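S.K.: After the structure tokens below, expect a handful of questions from me.
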Amino acid sequence: MPPKRKSDAVIKVEDVGMDVDAVVDSGSEDEARRRAKNRRARPQRKPKRVSDDEEDEEDEDEAPKRRGRKKRAKSRDSDEEDEEDNRSVKSKGSRASRRKAAKEESEDESEDERQKKKKKGGKPVSKQEKEEQNKERKGKTKGKEGKEKEKDKKKKSGKFSSSSSSDSDDPSLSEGEIEALKEQVEEKKKLIVTLRNKPWRMKKRLVTLKEAQEFVEKFEGALGKGKGRRLYAFKVMMTKKLIKFKRDFENFKTACIPWERKIKEVESHFGSSVASYFIFLRWMYGLNLVLFGLMFGLVVIPEILMGLPYGSIPRKTVPRAEQATAMDFSVLFDFEGYLKYSFLFYGFYNNERTIGVLQFRLPLSYLLVGVGIFGYSLMVVIRTMARNSNEGGDGAEEGEFTFSWKMFTSWDYLIGNPETADNKYASITTSFKESIVDEQENQKDENIHLRRFLRVLANFLILCSLGGSGYLIYFVVKRSQEFANMKSEDLSWFEKNEVEFVMSLLGLVCPPLFETIAELEDYHPRDALKWQLGRIFALFLGNLYTFLFALFDEVTAKLESEKAIKNATEWALKQYVANYSAHYNTTNVPPPNVHPADVIRGPCWETAVGIEFVKLIVSDMQVTYLTILIGDFVRALLVRYLNYCWCWDLEAGFPSYGEFDISGNVLGLIFNQGMIWMGAFYAPGLVGLNVLRLLSSMYYQCWAVMCCNVPHERVFKASRSNNFYMGLLLLVLFLSLLPVVYTIMTLSPSFDCGPFSGQEKMYDVVMETIEQDLPSFIGNIFTYATNPGLILPAVLLMVLAIYYLNAVSKGYQQANLDLKRKMQMARDEEKNRRNNKDSTNQVMKDLEDLLPDKSLIPPPVEEEQEEEAPPPEVVNKKGSRSPKVKPGAAGKGVKLQKDVSLAAPNPKAPVTRPPGPRRPPPGNARGPQPGSGRGRGRGGPPRE
Amino acid sequence: MDYTNDPDCKLPLALIVNMPELKENPFRNRIVESFSEDGMGNLSFNEFVDMFSVLSEMAPRELKAIYAFKIYDFNVDNYLCKEDLEKTLNKLTKEELTPEEVELVCEKTIEEADLDGDNKLSYADFENMITRAPDFLSTFHIRI
């Protein structure tokens, strides 16, 4: 058996090889011929050379380079000595023949190269032909001498060089000869380089390599440039170094992406949908880092470093009344006390126009940063969306080879670590499951009317419940306004906290309700997630609305009380001045000497708003973390350990483990970011707090999801672009932009706190700067630019541009779609063509089968057929169908069945399920029966 | 094993498969088998070098495709038929997919890549598919 198997293997290699590298067949012939020649020419040197070459091969592969090179050099020296000996001993004639042989070899070799380049196989070209071709080529390159002459000369030159190669360089060599030699040497070198790319067994490669190297060595010596090998080794080394450098650089780049490994791990177990949340979280973290940098770099740090220290002015001092409790934890926890009068909040900042030696314009910077945060966020969100949509795809695979690629290229052969391997197994399984879900969705045959009806019904139900909850919120808020006018003693606890109660109840009830209703719709889970996100988003808008409503109430109340206090202080100041000047009879009144803690001050509504936002963020964080801890971790613990002593299976039954709630988490993140955007203007410290929060929730949620959640029942592939999340984020950004811009533009800032105190409006800072610090023409430009006559056309222009770009992009989309369809059609057509050929061949086949029984023909004939078969295969490999793929053999193709039934009633197989009886069982295909040969379906007729 | 005196010796499959580069690979047996001349997985030195030469980064796509095909061809019939695919899939997923899912995946794979409609993948099909795979080159190599 072993010898048989061996020959099989050889055949196999060649079979396989032929498809790729058309030369192999002829190459092997050449090989044999060459080997024979070699044996004739110099049998005595073979073993040594082989070992030498092995050395080389090893060197090329991975061995320590230096040692290899040294040895090689040494062996080369000894070779050269050998050569010399040979030369002196051997007769000139034998030498000449040897030369000739070498020449022919090289010619064959070059032919090989050319053939390979052309990718054109065919029967091995006869030697004569080859020589012809070779000559032609030579003629082309030289272009001046006749072919015959050239040939002769070359032969002669071979002799010459051999006779004269002992003295290193021979000036008598003509230019042309040297050229020819150089060319051959180059070809050999190329062979050496590409040798490893050939699908040959090592032995064959070694022999070829040896010959090529010998040739190169000799003739390079003759041409006086013996550096070829060293240069080659150097080149190889450099390429390796380059590859390694590139690889390291890639690794470095990957290592620089924060949490990449964590996310990959989550992805491998929970699928890309859960991972998409974490990727979104990471993106958000990056965005917030930039916002943090802006805020702290341009506002907070300058104020801390260059502004007045704590306790120097009233706004930076805790009032006397609060000082006793200012350091209590409960007070600090509500962001009162020292925290309220710290750099965290708006009120802390001074209204000095410039601070420090750098003349830093803090108020201006504060306003610009506050607006700039929005500008930057908008830009980044939109840019990311645009880039993502370039990447395209809503997650559905559009490639033609989804499953094949997953099957054959998903395992990374580099993996050598058991843990990584486990992750990889999990991720491959998950990705297969994702694709299977997609596929099942595609295959689902649906009753379209029922489905439509159900979807409309579901949307109706959800709209109803959304409307209901919206009305409920509106009602409750209105009632709470009424309650606010009543005395708080008259109200019960419930009435006081009605809004919060209703809001959290809605937040608790609605999402599961929506999810249940969404079952009706039976969308693909990816689309279902989008719908769910949109609906809960709408619900949460109510949340936002109530919050802002309450806030504006508070602000207006504060503004009124502030007005009163402002009047009172102004009155007091005036009185003080009057008293002072009356008493001392001077107009030069020093400011009243009051300790900053005792100064009467306004309520500073900006700080109040900031505190509201910070409190909201903190409480939100607590709620989220506690929910995870209790809802996931404790539940998982209970399920895991109570399961031993419980009456039903907890793990598979009711409580089970939690699933990761993608929609809830994503929306939480988005609304959190909205709060940050709104609050950042009033509480510069909020951005820093948020960075901490995102950082901690990254680790915490990664841990929680890995340790106490189970993957979704239907793991689905998330859309590659997070554009739906981004869209929601953009909407929230826009919504949160409105109130901030409104307050900046319309409300007047507090008179005694914050960077804008003393101004009528906050944006007056900009006007002031333009008027005072910039050259006057800029002010002029500004006035022109704000002229409505200019703004209106500009807006019109923009609208037109938007319209135009939109139309263009629509056009592109359409073109894209068309192209895709065309590609698909082309592919289908090709498939059909092949299949049709099959079916026509089927007819031929059937006809053939009707001929006298083929199986009676003795096997050798069949063998010959087999032998003849390969070349055409090679020829039309790229073209249409190769003959080895035989008929109809059980087409699973779409059209095939029809074709078969059209073409000829196949008596042997039922049309409904073509079983392909022609194919011998693959296991013993190459076994004892030679007739059935290589599973090509070319064997005898099917027996039934 | 005395390599200096007997350079023709062969390493058995069990030994090679346990080297750290291959230990975690689900196809380790197939890799070694497809590079061994006797088909049983015993490698001579040359074959061993051959194996890592093909799996090195320097090897070109065509060469890798040929050997990848051989590796995935479990029953050595020069075609990837359904049972080959099933074996591949089960090795890749540690048999965590249900039989129906396996069936579906194998069918889809053949449907995608099979150009000549014979319900199994010939090398031409495989090559056509694998040359377009974006990460074939980056995954099908081993560094030693």
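All residue numbers here begin at 1 and follow the chain in the order shown.
Keep in mind that glycine also has a Cβ here, set from the backbone N, Cα and C atoms.
Below, the features straight out of TrEMBL:
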type   : residues  : note
DOMAIN : B:60-95   : domain 'EF-hand'
DOMAIN : B:101-136 : domain 'EF-hand'
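On this model, are these features tucked inside or out on the surface, and what's nearby?
M.R.: Long-range contacts of the domain 'EF-hand' (B:60-95) within the same chain, counting only residues at least 6 positions beyond its ends with a Cβ under 8 Å from a Cβ of the stretch, are 26-27, 30-31, 34-35, 39, 54, 102, 105-106, 109-110, 119-123, 126-127, 130-131, 136-137, 140-141.
The average pLDDT computed over the domain 'EF-hand' (B:101-136) stands at 85.
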S.K.: Work out, from DSSP, the number of helix, strand and coil residues along the domain 'EF-hand' (B:101-136).
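M.R.: The breakdown for the domain 'EF-hand' (B:101-136) reads 22 helix, 1 strand, 13 coil.
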S.K.: Mind checking how the domain 'EF-hand' (B:60-95) divides into helix, strand and coil residues in DSSP?
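M.R.: Across the domain 'EF-hand' (B:60-95), DSSP assigns the residues as follows: 24 helix, 1 strand, 11 coil.
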